[in-house]
């Protein structure tokens, strides 16, 4: 966009005939100039539509007024009676139509697809803060057995919909690696375990005190409500572009632990079920069963990882040699479903097996193609899963016991958010990030539907309590997008803009290890931070502009106010434990100071620098930079390409001209590299040869086929 604007400012020659493209450019340039925010000029992750709380309040008032009208006035009751009679008449008429089982399945599929393409756009466009998840939930509630009854067998839908969650976890595994997962072990096993245990104890205590449930039932109830919805929470985080934020990584860690805790809870239900004489299993029996489950889980996970590392890469290499896209996609589905089935046989969840399969494939060169292959299946089946959750919402039960339902939702959300806000800081998570994590983890999860059904069949929980909790859990899941927006608003309110709160704190940084330091949170730094966030790579950014830092804080990006040329500041952000540092400051002097500080105090940390020109690049490498990238070449080529396209060169011609110029310019830079002993950021390095060695010289230049000296790549 900036390139086209720059091209428009060039005046046309007198008497020149304007092309259609030039005429359009001139018309656009004649409009009054407007200031554009820097954030709007550079690519960013699409964020969710902000919530309009005024509209939400108006909708809530409308719902209350409608409820009063239809339940407490004669005209309203007459309208309800007429609607019920029309629905009964329609069902009676449809009941005379004989539909075979195969036709019923096809009809249900058509019904689900039609409902989704109607409800999702309506909710996204018409509901304040609405998103696709809410649209699917609403669609499921409408066609489910508690409303229109177009879908009668919800269990069959659930079995297919669960594959959507499986593919979601598989996709997350593709974006991680085993090494990166190992760095999250403290959050997964420490913070995740604390969240589950404390939430279980809190819910169990409330259930025993308020509802009068016995101990075994209260434990199962607490464990079921301690779980959160992996599918909904991750979907909301991805839509808001917050998956790589601190609270996003914390939420993912807790959800991963919850997938493991599901195994324990499912084993506890039969052990806590009353026996014919009215007693439940003893402590020794429960401990033995849990120990056996832990051994099976560890053996299954280790076996899958060890076997997968041996088989996955050779398998995909053989399949790729066939050059058949369908067979390649079928291999991926076989890997996902096969690994999920193995973990289920070991008593673990299907989703955990898919996650392990994703981790294994992420270590291969086929990860990008695999991710592209599963994207259509994942999106469609995730929508089906959300619709199956919406089918559990009973509107009649909600209207009958709306006070109890709303009270339970409030207690559940406030309680789970408070637990996470208290637990997070114990494991190095900032208090604000802990609160935002708690809000997204506060709703119930899809596992509660499975656990409640099993508990009722075993006599651990009464059926009337579980029916009410189905509505509580489903509605709380529907609130997840609004809770995420509430957390964002709280972050803006609670985050002070004074410099002290913007500076890095030692207690927040002491756990950082193998992270990336970004010095400069301007245009380049923000794009690099976005790329690292998308890959879940930990990083810390520094900037001396409090305005930039405040903008980053609002997005929960770990950016702090500080001078990258100061040893104390770099020590605070854990420079001695960093994997590397990226220097992208505004002035050559600031870049030089930051490079000098890193090379003097932290020489083992590799430093990559953006240089303003070639002379500055040479000085920076002499100061100790690992590699330097001049900022003049690629932007200039992009500007030139935009102008060439404006002059009606076709795409192939533009690409050829730019590539040819790039090759010539790189040859010049490589000659300069050989003479100055620098790399200039193009992946080449002067090979130092000992004095007296045959053929020794200033650089390891070799001659290309055309006689142009080039530098050989440095040995690994």
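Glycine too: its Cβ is placed from the backbone N, Cα and C atoms.
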Write down the single range among 188-211, 428-451, 452-475 that appears in TrEMBL as transmembrane segment. 188-211
For which of the residue intervals 131-151, 152-172, 320-340 does TrEMBL record transmembrane segment? 131-151
How does the domain 'RCK N-terminal' (513-630) divide up by DSSP, counting helix, then strand, then coil residues? 54 helix, 26 strand, 38 coil
Counting Cβ pairs closer than 8 Å to the transmembrane segment (380-399), the top stretch among 217-237, 289-311, 348-368 is 217-237
Of 131-151, 188-211, 217-237, 289-311, 348-368, whichever stretch has the most CB pairs under 8 A to the transmembrane segment (105-124): 131-151
Name the range, of those listed as 131-151, 188-211, 217-237, 348-368, that has the largest tally of Cβ pairs under 8 Å with the transmembrane segment (289-311). 348-368
Over the domain 'RCK N-terminal' (513-630), what is the model's mean pLDDT? 85
